[in-house]
Amino acid sequence: FSFLQERLRYVLGLLLLLHSTNSFYVPGVAPINFHRNDPVEIKAVKLTSSRTQLPYEYYSLPFCQPSKITYKAENLGEVLRGDRIVNTPFQVSMNVEKKCEVLCNFPNKPVTLTVEQSKLIAERIREDYYVHLIADNLPVATRLEFYSNREEEEKKKEKDVQFEHGYRLGFMDGNKFYLHNHLSFILYYHREDVEESQEHTYRVVRFEVIPQSIKLEDLKADEKSMCTLPEATGSAPQEIDPTKENQLLFTYSVHWEESDIKWASRWDTYLTMSDVQIHWFSIINSVVVVFFLSGILSMIIIRTLRKDIANYNKEDDIEDTMEESGWKLVHGDVFRPPQYPMILSSLLGSGIQLFCMILIVIFVAMLGMLSPSSRGALMTTACFLFMFMGVFGGFFAGRLYRTLKGHRWKKGAFCTATLYPGVVFGICFVLNCFIWGKHSSGAGPFPTMVALLCMWFGISLPLVYLGYYFGFRKQPYDNPVRTNQIPRQIPEQRWYMNKFVGILMAGILPFGAMFIELFFIFTIWENQFYYLFGFLFLVFIILVVSCSQISIVMVYFQLCAEDYRWWWRTFLVSGGSAFYVLIYAVFYFVNKLDIVEFIPSLLYFGYTALMVLSFWLLTGTIGFFAAPPFL
């Protein structure tokens with residue numbers, strides 16, 4: 001009991017350390033200091049919807065455009081995310097208020113939407129699209145205020161505040177569509193400390209918007225592009241009739257407020273989770289349960305092994321010692337090479353690549369070096385790391401292939417470099433074709449696809465060959481016993497030794513260790529930020545430990561049943577938690593997401609299939625390499 005208390009105290013201390021790490025990040029860009037009247041550029045990122053999962057460019061809709069449209073140069077991650085950052089005609093100056101201003105410079109000539117444009121806007125409103133803008137690289141957010149408890153509403157009248165990423169394009173009332181054509185920007189600045197003789201400098205620390213729908217007749221505009229907002233009680237919303245042309249004005253206002261929030265903490269608004277206590281409790285519960293179950297499994301293994309070894313070493317009855325049973329019967333067949341050694345070593349090589357890539361990415365992100373302010377940095381880093389980790393994947397695959405009596409190392413290296421990446425690229429290409437058909441910005445441009453192919457065959461492939469060459473030349477893994485020339489006949493196995501039953505049994509513990517974190521990861525489908533990499537690193541360590549121990553237990557029981565074909569079975573069974581991830585993804589799709597169309601559903605399950613495949617490779621590789629030391 002004292003040992004359990006000590007272990008729990010250690011876990012709590014580690015969680016506190018990780019939480020403190022999680023609340024800190026190294027900004028992706030240096031802070032920009034503004035003086036009064038300096039321009040603060042408002043840029044558009046994209047339009048997104050959790051119902052369609054298809055991002056679109058900002059100017060795919062007939063918004064007001066500047067005289068010259070300029071797109072920002074983007075990194076690989078931003079392109080793959082569907083970001084298309086572009087300038088907008090909003091004129092915002094530091095600490096300068098604007099009551100109401102017409103966006104397009106035709107105050108006496110409203111914007112006329114054609115029937116096709118009206119239909120498109122109505123369709124996007126029906127699909128619940130959000131508009132994402134940025135100011136000084138800070139995304140816009142919509143403030144949501146609500147009472148958490150009716151009793152508290154009566155007592156304190158205090159509201160809980162949450163922030164929604166972006167703002168809604170519009171809303172529906174019955175069968176009518178209304179567009180948010182007026183944006184009230186609320187920007188918060190932090191005044192920096194300077195000497196008395198110097199001019200004050202300001203930094204943008206929050207960017208909020210209050211979208212409004214105001215009918216054309218209620219907006220009174222003059223020749224200087226200034227307008228007057230109606231009173232809230234007497235204004236009617238701007239309806240968009242998809243069956244005819246519509247006239248409207250796009251307007252905006254700017255309000256500045258001073259804030260105590262410092263520049264380094266300005267992202268806390270977007271990264272704060274609303275249910276932190278539940279998250280903490282679930283993580284601690286998972287850690288305690290996993291350590292407890294791991295202890296039980298370790299005790300079972302030790303006691304069973306001691307009992308078996310004691311039985312084999314008894315010298316009371318000579319005849320009993322001569323009659324072997326259980327795992328000792330198959331000691332001469334345990335290291336017999338399996339079928340398809342090239343495919344097995346290739347998959348395990350890709351698993352090593354994934355393991356190294358994920359470990360480094362999570363660790364670096366936990367230290368705060370891949371903050372959300374560096375858009376696309378996480379995905380870009382993951383892609384490049386996977387390419388460069390090919391040398392390690394090739395090395396382990398080559399050495400294992402030689403251990404399994406393989407001879408065609410060049411073919412094995414090519415298989416390692418192309419099998420898993422080929423499947424990933426093929427699925428992504430097919431999905432990309434469907435996204436292209438929808439004219440979505442989420443579709444990877446053709447030059448980007450060519451660049452990825454060049455990275456694959458120009459970086460990853462040569463590195464895999466290099467690692468495979470040195471791994472194949474290295475001394476193979478030593479087998480402690482000699483393999484018999486004649487394979488031993490395997491007795492008929494009981495029903496619970498079936499592979500699928502083993503997958504179901506072995507996947508429960510690793511999935512139980514991570515399913516809470518999986519829930520938070522899946523909120524990405526709802527356009528939420530995920531930045532709890534401190535927790536994720538801890539969960540990853542628990543996942544490695546649980547997969548390793550489950551693998552050892554399953555191999556031991558298999559050898560006790562006199563079945564020595566453990567190579568493929570260990571790899572398949574250790575990845576059993578991927579099956580539960582697939583089941584959870586289906587559950588999340590049915591209960592959490594409001595996706596009804598074919599292409600969004602195809603995208604969800606296509607990317608889910610990639611995630612499940614990668615997770616199976618990762619956990620299968622962890623379990624496979626944990627088993628041989630036990631043997």
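Note: Cβ is positioned from N, Cα and C throughout, glycine not excepted.
Just so you know, TrEMBL annotations never went through curation; they're auto-generated.
The signal peptide annotation in TrEMBL covers 1-23.
Summarising the annotation, TrEMBL assigns transmembrane segment to 280-302 (among others).
According to TrEMBL, the transmembrane segment annotation covers 346-370 (among others).
Feature annotation from TrEMBL assigns transmembrane segment to 376-401 (among others).
Summarising the annotation, TrEMBL assigns transmembrane segment to 413-437 (among others).
Under 8 Å from some Cβ of the transmembrane segment (449-472) lie the Cβ atoms of residues 76, 349, 383-384, 386-388, 390-402, 409-410, 412-414, 416-418, 421, 425, 429, 432, all in the same chain and six or more residues away from its ends. Residues annotated as transmembrane segment in TrEMBL: 449-472 (among others).
As annotated by TrEMBL, transmembrane segment applies to 500-525 (among others).
The annotation transmembrane segment is assigned in TrEMBL to 531-559 (among others).
Sequence annotations record features per position, and here TrEMBL assigns transmembrane segment to 571-590 (among others).
The feature transmembrane segment is assigned by TrEMBL to 602-627 (among others).
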Outside the transmembrane segment (500-525), six or more residues from its ends: residues with CB under 8 Å to it: 50, 53, 273, 279, 282-283, 286, 289-290, 293, 532, 535-536, 539, 542-543, 546-547, 549-551, 554, 569, 572-581, 584-585, 588, 592-593, 604, 619, 623
Contact check, the transmembrane segment (602-627) vs the transmembrane segment (346-370), 3+ Cβ pairs under 8 Å, seq sep 6+: yes
Sequence-remote partners of the transmembrane segment (413-437) [C-beta within less than 8 Å, at least six residues beyond its ends]: 54, 342-343, 345-347, 349-350, 390, 393-394, 397-398, 443-444, 449, 452-453, 456, 460-461, 464-465, 468-469, 599, 602-603, 606-607, 609-610, 613-614, 617
